[in-house]
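What Swiss-Prot says about this protein:
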ACT_SITE  S152  active site, proton donor
ACT_SITE  Y166  active site, proton acceptor
ACT_SITE  K170  active site, lowers pKa of active site Tyr
BINDING   I26, T45, D68, N98, Y166, K170, V200, T202  NADP(+) binding site
Amino acid sequence: MNPVNTKPYQLSADATWFVTGCSTGIGRAIASHVASQPGHRLIATARDPSSLSYLDDDNPAILKLAMDVTNPSSVNAAFKAAADYFGDKYYIDVVVNNAGYSLSGDTESVTEHEMHDEFETNFFGTVRVTLKAIEVMRQSKDHRGGLIFNISSLAGICAFPGHAFYHASKFAVEGWSESVAREMHPDWNIHFCIVEPSAVKTNFETTSKKRTQPHEAYAGADMPARQLETFVKKGLEAGVGFEPSAVANVLYKVASRNEKVPLRLPLSATAVKLITAKLQVQLQDLETVSELSAIDVHQVQFKV
């Protein structure tokens, strides 16, 4: 396989950050953290720019933009506005693709409109912003490169009942990001990091979650999705999770520590534990089906 992130990443002292979904939660925490760093510039985006009022209007290093990641014209306009605003100083060093929401409910009841909207925001929105950023980064004459954080989730690795299309969108982010990371020429110095947080204390389970109409066939309390809902509700009531500022601190550390960037970054002990458990089960499953899988054992095989 083509290696990724082969060199240490060095964050410029005057780095420009482009962050999506800055109205609340992780995006807001990252924007606030970047805004507090001397010398750094921030391009903070949200569908409603009035939600960015927490950022200083009088700081020339901060640009607040309206951007809808589901609209290609809106994304293109945001990048052009940033280039026009910063002029000769325009560059994008770090991108944080954070805009997204969860669609939960019984899979049989999800409408075509709901499933497409989920992918437009979580997956295609990430794609649009990433491609525009790569275009800027790979054309730098001094191989300045850049770093792209794509916010996935524990849900991009481990799938749970009642969130099929949310999982599908995050699995898509994971696979697409890894593939694109392997397409980058080492000389471009473009790094990727897929971020996989678990329970963050945001409005993700409230205003950032959309629910489908319930399906009567799945209404029973003994159904897996209903049991998970009960479990999650108890966790929220107990205050389970970590603050968005913790995510912001870690991402800034990854960007600024002058070391190799991890392709995947699970956030929380719970995420590491559940991902480890899934990988162990997958290895066991591979052993179980190894005899069935070896259909090419007597043929020429690719060397990996």
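Each residue, glycine too, has its Cβ placed from N, Cα and C.
Given the structure is predicted, the values throughout are model-derived calculations rather than measurements.
All features noted in Swiss-Prot, drawn onto the structure.
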{"residue": "I26", "record": "NADP(+) binding site", "DSSP class": "helix"}
{"residue": "T45", "record": "NADP(+) binding site", "DSSP class": "strand"}
{"residue": "D68", "record": "NADP(+) binding site", "DSSP class": "coil"}
{"residue": "N98", "record": "NADP(+) binding site", "DSSP class": "coil"}
{"residue": "S152", "record": "active site, proton donor", "DSSP class": "coil"}
{"residue": "Y166", "record": "active site, proton acceptor", "DSSP class": "helix"}
{"residue": "V200", "record": "NADP(+) binding site", "DSSP class": "strand"}
Cα separation, K170 (active site, lowers pKa of active site Tyr) to S152 (active site, proton donor) (Å, whole number): 6
N98 (NADP(+) binding site), number of other Cβ atoms within 10 Å: 28
Spatial neighbours, same chain, of D68 (NADP(+) binding site) - Cβ under 8 Å, 6+ residues apart: R47, S74, V75
V200 (NADP(+) binding site): tally of other CB atoms within 10 A of its CB: 20
Alpha-carbon spacing, N98 (NADP(+) binding site) to K170 (active site, lowers pKa of active site Tyr), which is rounded to whole Å: 12
Alpha-carbon distance [V200 (NADP(+) binding site); K170 (active site, lowers pKa of active site Tyr)] in Å: 16
